[in-house]
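Student: One structure coming up, written as structure tokens, with questions to follow.
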2 protein chains.
Amino acid sequence: MKEKGLLIVLSGPSGVGKGTVRKAVFSRPDAQFEYSISATTRSPREGEVDGVDYFFKSKEEFKQMIQDGKLLEYAEYVGNYYGTPLDYVNETLNSGKDVFLEIEVQGAKQVREKIPDGLFIFLMPPSLNELQSRIVGRGTESVELIHNRMEAARREIELMSLYDYIVENDDVEKAVDRINAIVQAEHFRSERIAGKYIKMLEVEK
Amino acid sequence: MKEKGLLIVLSGPSGVGKGTVRKAVFSRPDAQFEYSISATTRSPREGEVDGVDYFFKSKEEFKQMIQDGKLLEYAEYVGNYYGTPLDYVNETLNSGKDVFLEIEVQGAKQVREKIPDGLFIFLMPPSLNELQSRIVGRGTESVELIHNRMEAARREIELMSLYDYIVENDDVEKAVDRINAIVQAEHFRSERIAGKYIKMLEVEK
């Protein structure tokens, strides 16, 4: 019997660079994760393919998925819904592959409730000053908005002890190395694999 | 303030190849562990240096160390005592370095009681048949002794779920890679480092 895959959840305060790190994780030639494709109600942009970039849904379909418990997590941004389809995640895990989710802190909280044995990694800015520089660096936000985002980030960071691991994003490639070591190690945790070896002993008795 | 080092304990059934794996761990140019020097009552062999290979002790001194709680673990083999001096381990951990212990299963149990937040790795044979071949392969044991050692190994393997990680020793270099990933990952576990980041937030407030 194949071992079940790991659900890896990468989250962290907005502005920390989750998307950049996720892309760098998948750009490694030895990346062995499946990327979880999100469902969304927003319209496809040019070149985006249904079932590849997103599962594109109407608002009615999306609300039905929520009602039917078909979403591992979801959120609303600027009038559109975004969510993680549960079936796709479960099928991939059952086929023995690891699934990689990069989501907001609120979504990660929902996932933890549904899949407590997932592997939760919190991406951490090297410092709050550095996070502020990154947010300011985008150059599009007003002083008030920056203040609000920093307060939100502080509240998000305070949730970090709910995660299994904390990875500093001082350098994208280093962060990827750390994530890869964590995923490799996690496959050897005895609570995940002792059962397999106990079966082996029984067979060989 | 420097972070405290990790105590890494490698154990597993006798015959699994703990000593070989430990030597391979330390032969890597990037090995960043301190090897814990054991205390022993046996006489130094030619070339062995006190404080380098072992701390050589008289039986009286050793028994005094036991009485004074100066040993993290100890055991008696063929009339001699072997043990891990607690002070050396604590000083090294406090200086921020990781300490690597390779010990028998009984010793590992004693260490777990004294240092529950240590990192315990169980080295696992690929199969019981393979373990038997390795024990037989030494060519020095009688059939009865082999039987007894296999029974002991089975009992030792049944303790594996008390460990944090299980690493298969199908290949020495692969086992070392796995151990290195585990140690690296363990440094990012939130229960070990969340406190550091929480302090950082308070300072920056």
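Just so you know, glycine gets a Cβ as well, placed from its N, Cα and C.
No curator has checked TrEMBL annotations; they are predicted automatically.
Below are the features I grabbed from TrEMBL:
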- B:Gly12, B:Pro13, B:Ser14, B:Gly15, B:Val16, B:Gly17, B:Lys18, B:Gly19: ATP binding site (BINDING)
- B:5-184: domain 'Guanylate kinase-like' (DOMAIN)
Student: Can you name every residue in this chain, apart from B:Gly12, B:Pro13, B:Ser14, B:Gly15, B:Val16, B:Gly17, B:Lys18, B:Gly19, with its Cβ inside 8 Å of the center of the Cβ atoms of the recorded ATP site?
Tutor: B:Leu123, B:Pro125, B:Asn169
Student: Test of understanding: give the count of other CB atoms lying within 10 angstroms of the CB of B:Val16 (ATP binding site).
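Tutor: A count of 25.
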Student: Take the Cβ of B:Gly17 (ATP binding site) and count every other Cβ within 10 Å, whichever protein chain it belongs to.
Tutor: 18
Student: Using all protein chains in view, find how many other C-beta atoms are within 10 Å of the C-beta of B:Ser14 (ATP binding site).
Tutor: 16
Student: Return the residues near B:Gly12 (ATP binding site), defined as same-chain residues 6+ apart in sequence whose C-beta is under 8 angstroms from its C-beta, sorted by sequence, else 'none'.
Tutor: B:Lys18, B:Val105, B:Phe122, B:Leu123, B:Met124, B:Pro125, B:Glu156, B:Asn169
Student: Of B:Pro13, B:Gly15, B:Gly19, which of the binding-site residues has the most Cβ neighbours inside 10 Å?
Tutor: B:Pro13
Student: Mean pLDDT across the domain 'Guanylate kinase-like' (B:5-184), rounded to an integer, is what?
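Tutor: Mean per-residue confidence for the domain 'Guanylate kinase-like' (B:5-184): 90 out of 100.
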